[in-house]
């Protein structure tokens, strides 16, 4: 060991691959970091994916044999549950409704929160802290605290400042409007944080070039904060798609009444005898569209537009 | 010359006229203008319903009449709920006499859940963000796999964990029972169901932390790391002196909103089949009192406001820490 060059070769032959690896690792610690890194990667892949793999195995099981227990392989291979879920209810319509809610809310929240985030992040004005704190405090309340007055308003039982809005219950508005308000605080805080980190010089340069105030926001600040905007957008979209409370209570239970995926999944639990394989299959079908969205959108988050010379 | 021409054209176009008008505003007026849409929405959809709910909490419950509330009682609802004297609650908010088990008191369950889940989600989120930020083959799919649980609707997350711990279908309850950690039907025991709900939440929500931390990491200038490496900084030193201070604002926003969310935990409790009777969180108590057998609106409104006040206290603590910390230049 004390004379490495002379003895290394014979060590290789006598001590096996593991101790060789340990030897080289001691000389080159980077190798250890790399190995540890891959162990962590595999660990996270396993913990996040295994439950979903197992759910797929339940969906592929034979409906009569599910209750025997499902392990690494399905209990009796039978993929027909993926067809049956669509025969029982129009699952695709429930999915469509959820997508409409999530898309509309995300667009609305991103526009409104961008304007607010710019004001909070880059402008000085009186009452800034108070207003920012108001935004934060709104998110302290459980959704149930908003529910009864909004439900009465949306079913036209009461008026708001003397105005009665059109009946929003069982329309996209009935879900999009409250969820926009509920998820807006998070978007405002994310965008405020990211916008405030853009150096002033870049915005000033654009203004000197003749860009309007609003133009500076949309052509300079927002593009430079692309990871932040994409993150806020994805978080909002997914949060709406996943939302439980308003989606469930502000619509009827049929797909024609704009019921979202929550109602679709629940109807497998209530309508028929307990069919775990159908519940699992419907869950997987509901997850696939969001998964595709995640694949597409995650590129945006890490596009690294703000890295390099743009940062001070 | 080109700019002159453009300015002349702007006089004609109504859009340009609005843009021109914006140029004339003072910074303060411009800020208020930009905030107007957000506050219009927040006022109508959030503050106005909250004001109505708050008013209801000052009246007595009226369980049998057409009107949901009776006479004005001031803060009496608040006193009754906090001293565990409100007979309409399915579980006490807090029972100082010690007559109720720990995991049956809404406040204690909620606080325990918030602390445990936020700590684990932050640590795991860091790990996940780190491996999502490195360059290697197949990174794209690793990222997707890590974000995937966060994209899963709560109903489905609930069903997944219901099935995993279901004594007949699932494979987790038998071994955990064999080593004596869980009882024979874990989802009906308050302590076991608490663990299941917490694990389910960590499984799903770590990705939320990871995404925000990752977005913060992506905004760091890469050359800082090159300089540090040349200077001989170890990976830990690079993390401690470059990554951590620079992502601190994003990390704080993430932890702040995670804590708020954790303290309002509700969906997964119902969806996993544990139920609000077994794991009585604060939000559970609001929903149970409002829509359950009693339909006591005033009591429910009271608990909603107490919940918000408790969250305000916790978040106040965060903001104080943020102010005192050396990196707390944010805001």
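Positions of Cβ are set from backbone N, Cα and C atoms, glycine also.
Of the candidate ranges A:99-120, A:253-274, TrEMBL annotates residues A:99-120 with the feature transmembrane segment. Checking the ranges A:35-55, A:56-76 against TrEMBL, the transmembrane segment annotation falls on A:35-55. Long-range neighbours of the transmembrane segment (A:216-241) within the same chain, counting only residues 6 or more positions beyond its ends whose Cβ lies under 8 Å from a Cβ of the stretch, are 98-99, 101-103, 105-106, 109-110, 113-115, 118, 122, 175, 179, 183, 186-187, 190-191, 193-195, 197-198, 202-203, 206-207, 247, 261, 290, 293-294, 297-298, 300-306, 310.
If you look at the transmembrane segment (A:132-155), the same-chain residues 6 or more away from its ends with a CB under 8 A from one of its CBs are 116, 120, 165, 167-169, 173-174, 178, 181-182, 184-186, 188-189, 192, 245-246, 249-250. Here the transmembrane segment (A:99-120) has Cβ contacts under 8 Å with residues 128, 131-132, 135, 172, 175-176, 179-180, 183-184, 187-188, 190-192, 194-196, 217, 221-222, 229, 232-233, 236-238, 240-241, 247, 258, 260, 289 of the same chain, all six or more residues outside its ends.
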